[in-house]
Structure formats: structure tokens, C-alpha cells
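Undergrad: According to TrEMBL, the record shows the following:
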- D32: active site, nucleophile (ACT_SITE)
- D32, D34, D203: Mg(2+) binding site (BINDING)
- D34: active site, proton donor (ACT_SITE)
- D43, D123: substrate binding site (BINDING)
Amino acid sequence: MRRCCGGAGLPCLFKGVGMASPRPPRYLLVFDFDETIVDENSDESVVRAAPGQALPERIRQTFREGFYNEYMQRVLGYLGDQGVRMGDFKAVYESIPLSPGMPDLFQFLSKNHELFEIILISDANMFGIECSLRAAGVYSLFRKIFSNPSGFDKRGYLTLGPYHSHKCLDCPANMCKRKILTEYLAERAQEEVEFQRVFYVGDGANDFCPAATLTAADVAFPRKGYPMHRLAQELQQKQPGALQATLVPWDSAAEIARYLQELLKKK
């Protein structure tokens with residue numbers, strides 16, 4: 001099944017950043033960020049900048065399931081109160097290691113950049129993602145980044161907002177990745193950009209939501225043993241055929257690179 005897809009960029013440090021491709025790409029490749037591109041949850045990583053590298057119990061007890069964005073707003077407020085500033089956050093984000101095999105995958109994508117349009121959809125924050133991607137030397141590979149808006153206020157505190165509102169009952173209140181991907185594909189369709197396939201690389205439960213909408217022509221790459229993988233396996237057992245996309249679990253992103261390389265050889 002062929003899919004038509006196109007879209008506009010949004011300002012840096014807000015909801016998206018964009019870079020145009022010289023010719024229409026053949027494939028759309030969608031990445032998650034935390035525990036997918038990088039091998040940690042970057043929201044948890046920033047705690048390394050806190051006094052004693054820990055949060056007080058009064059902050060940790062405010063967490064509510066489905067409202068992680070609000071919780072992180074409180075965490076960042078606490079870190080600001082403790083004197084954590086831009087340079088401290090930047091140092092933490094730049095130090096987060098890439099996931100196993102991710103450098104191999106990015107090298108492959110760099111060599112075949114004309115074939116892939118690459119976007120990132122993450123429930124982290126724009127500042128942290130940009131710091132990490134620039135430090136890894138791969139920022140320019142991404143046509144667009146969708147994440148929660150973040151920036152520094154007059155006090156020097158890192159502030160965070162929700163990405164959008166939505167009606168999906170399965171996703172956090174601040175972000176439904178299915179909604180973002182669906183809207184992106186609709187925008188690209190208006191520009192008459194045609195994707196033969198969509199590839200989705202992720203790990204979390206919020207990555208399962210968009211992956212469940214992929215077609216039989218598409219491929220979902222869930223990280224082995226993580227929520228996205230477990231949810232996909234459960235759906236396949238309960239409702240065989242409900243998940244249309246080909247499922248290719250991975251331990252190392254080098255496996256994704258090899259899969260894509262083999263696919264290109266068949267063309």
C-alpha cells in the first residue's frame with residue numbers, strides 16, 4: 001500500500017524544527033527519543049544535576065500516572081530553586097549515551113539520506129533533545145522534531161509546557177503520538193510527497209499508540225522487552241491481525257540498519 005504524505009516546520013525551541021529535503025524521499029522514518037535514540041530516560045537523567053543527584057520525597061510523591069509532564073514541571077522548578085542553570089542541563093543532556101547500535105543506524109541513514117525523511121516524536125523536551133542530537137552530530141538528519149516546548153525564563157529556570165491537548169484515552173494528557181503522526185502525514189499529503197512505507201522506532205507505551213495505526217506496508221521496530229514490544233505481543237495474541245505493520249524487535253539499532261539495508265537491496 002502506498003501512502004501520500006508533507007508539512008511545515010515550526011520555530012526552534014517550540015514545537016518543531018524543520019529542514020527541507022532536495023527531492024521527495026521514499027520512506028518516512030519516525031524515532032522516539034528516550035530509551036530509543038538515547039539509552040536513558042532524559043527526564044530522569046536531569047536529576048544528576050540536583051544536589052545529591054536526588055529529588056526530595058515531597059517532589060517525588062506528586063507524580064500521577066498520565067500526568068508526567070506536569071510532574072516534570074515541578075521537578076524543573078525544584079532544580080531551578082537549587083541553582084541548576086542552562087549549562088548544567090546542557091552538560092547532562094550531552095552526556096547521555098546513545099542506545100546500542102544507534103551510531104551504526106545513524107551512519108547508514110546519513111549515507112542514504114535522500115531515501116528517508118526522518119522525524120522525531122518525543123514526550124521529553126525540545127531543549128534536551130536538541131542538546132543531545134547536536135552533541136551526537138546527528139541533529140541535521142531530522143526534518144522535524146515534535147516535543148514538549150521548553151526554554152529558559154528570566155530567572156534562568158528551564159521551563160516546560162505540554163505539547164497539545166487530545167482525546168486519546170491511552171496516552172498522557174499532554175501528548176498523543178498517534179495524533180501527531182496522523183496530522184504530519186496529512187500535512188505531507190497536501191504537499192504531494194509520497195511515502196512508500198513508514199518505519200517507526202520506539203520503546204514506550206506511547207509509541208505503541210501510533211504503531212497500532214501503521215499499515216501492512218509499514219514496519220514497527222519496538223525495543224525488545226520494553227512496553228511497546230510487550231503491548232504489541234499482547235495484541236497479537238489477543239487479536240491476531242489487529243496489528244497490521246510488520247513487527248521487528250531490536251536489542252541493537254544496528255539490527256534496524258541491517259533490516260533497512262536488506263530492504264534497499266530488494267528495490
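Using N, Cα and C of the backbone, Cβ positions are placed for all residues, glycine too.
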Undergrad: Using the Cβ center of D32, D34, D203 as the Mg(2+) site position, which other residues in that chain lie within 8 Å, going by their Cβ?
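TA: Residues close to the Mg(2+) site, other than D32, D34, D203: F33, E35, T36, I37, S122, G202, G204, D207, R223, Y226.
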Undergrad: Pick from D43, D203: which of these binding-site residues has the biggest number of other Cβ atoms within 10 Å of its Cβ?
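TA: Answer by Cβ density within 10 Å: D203.
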Undergrad: Where the distance is taken from Cα to Cα, which of the recorded positions D32, D34, D203 turns out closest to D43 (substrate binding site)?
TA: D34
Undergrad: Among the recorded positions D32, D34, D203, which ones place their C-alpha within 10 angstroms of the C-alpha of D123 (substrate binding site)?
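TA: If one measures from the Cα of D123 (substrate binding site), the recorded positions that come within 10 Å are D32, D34.
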Undergrad: Which ones in the same chain are close to D32 (active site, nucleophile), with CB under 8 Å and 6+ residues apart in sequence?
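TA: Long-range Cβ contacts: L120, I121, S122, K177, V201, G202, D203, G204, D207.
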